[in-house]
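Enquirer: The ATP binding site feature in Swiss-Prot is assigned to G162, G163, A164, G165, V166, G167, K168, T169; the stated evidence is sequence analysis.
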Amino acid sequence: MVTTAEKTNIGYITQIIGPVVDVKFPNGKLPQIYNALTIKGTNEAGQQLNLTVEVQQLLGDNQIRAVAMSSTDGLVRGLEVVDTGAPISVPVGKATLGRIFNVLGEPVDNRGPVNNQETLPIHRPAPKLTELETKPSVFETGIKVVDLLTPYRRGGKIGLFGGAGVGKTVIMMELINNIATQHGGVSVFAGVGERTREGNDLYNEMIESGVINNENLNESKIALVYGQMNEPPGARMRVGLSGLTMAEYFRDVNKQDVLLFIDNIFRFVQAGSEVSALLGRMPSAVGYQPTLGTDVGQLQERITSTTEGSITSIQAVYVPADDLTDPAPATTFAHLDGTTVLSRGLASKGIYPAVDPLGSTSTMLQPNIVGDEHYNTARAVQSTLQRYKELQDIIAILGLDELSEEDRLIVARARKVERFLSQPFFVAEVFTGSPGKYVKLEDTIKGFQKILSGELDDLPEQAFYLVGDINEAIAKAEKIKG
């Protein structure tokens, strides 16, 4: 969505290089950096054009260089370009809930225009240091494995690492559902360089699970912003900012806790590197843009907690060729408060959510933040699982009977812990048939303490699989015995 300046400033196209367009303006009438320019009209072939470009550089001699937000097919030199006098602005507020937008804030879900008055520019400064919430607080998700082993920071940034089919989307949807029902919060989903099919699937799943209310859109709990894989790099580079702007409004004006999902943060960097060379910048390491750190920082620094509300961000991170030292994931790592790693091994065992309890980390798992009881329980769970992992080779070769009495006990408890880390999800009820469970943090800690203390050694391990709190596991065990 773009606004028009009162005194129209008109230039004309002098050069087109793929998604990059050069425009010449009259003397003393240059647009500012990040201003949106519109190109409308008809070209020589009779094609109707309606295109928005964003100013990136001032070249001198009254010329600017801009990046297009949609395809530049059909553009010719000499076409008129109008300076709107402002950056790209997107609709914000309650009217965005339940809708799908593109990078310009235009609805793309065939449900008509958005009836709201307020828009905000996508380029905004990060909150001032004095406005930030400095006391770290844990954000309860209701998912046992996350709350115990990788607690999320309110207003923090979490990286979600996982391949295809291990359950990234299901975890994202469960988090959206839980923040909506338990915290009364809203979510914004930014699909950056997503497959169109995935975006469509996600939208339909949101409707099925009730997160988007088709009858009354105002009751929905999420706004979706998509810049798909087939779109030019300009759109993929800016769609994250469009989603973030909508989230900032909920935080700053409505004073809410917001969840911001970005899938995939790597493709935001990739889009920047695609246009960087066309803008005449010298590439840096591995061909990435020299401004990589700044680009990532400008996005990440706006995702934070203020004294008014918080934006907690869950970002899917693609790791090129599994190389964690690649500049794109390495730069992202510097901003993350926690990493949730999904394991294909656990998924193949049928343990969902398939979060790797040993590979996932969080800066919040410290005794002075979460308390001694939580910290000690989490570390005891990890050391039990680590010992079980070490013993697996011996078990595979010699069998369980060759282990010492103590090790056999550790294995039995570790298998119960592993199963107790699984949990039925609300958003998966349709597929699993078992009702979803939200488990409070204190119940999670108590449950694992009971398993590790040996109190429940006589219960069968299948009683711990896909249950909520420990009382359900005990009830399930009695049913199995009975």
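Cβ coordinates come from backbone N, Cα and C, glycine included.
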Enquirer: Which one, from the binding-site residues A164, V166, has the smallest tally of other C-beta atoms lying within 10 Å of its C-beta?
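Expert: Ranked by other Cβ atoms within 10 Å, the binding-site residues A164, V166 bottom out at A164.
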Enquirer: Relative to the Cβ position of G167 (ATP binding site), how many further Cβ atoms are located within 10 Å?
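Expert: By my count, 21.
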Enquirer: Work out the three-state DSSP category of G162 (ATP binding site).
Expert: coil
Enquirer: Tell me, how many other CB atoms lie within 10 A of the CB of T169 (ATP binding site), whichever protein chain they belong to?
Expert: 19
Enquirer: Looking only at Cβ atoms, how many others are within 10 Å of the one on G165 (ATP binding site)?
Expert: 11
Enquirer: Apart from G162, G163, A164, G165, V166, G167, K168, T169, which residues in this chain have a Cβ no more than 8 Å from the mean position of the Cβ atoms of those residues at the ATP site?
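Expert: Everything else in range on the chain: L342, A347.
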Enquirer: Under 8 Å between C-beta atoms and at least six apart in sequence, can you list the same-chain neighbours of G162 (ATP binding site), or say none if there are none?
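Expert: When sequence neighbours closer than 6 are ignored, G162 (ATP binding site) has K168, A316, V341, L342, A354 within Cβ distance under 8 Å.
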Enquirer: For a quick check of packing: other C-beta atoms within 10 Å of the C-beta of K168 (ATP binding site), how many?
Expert: 22
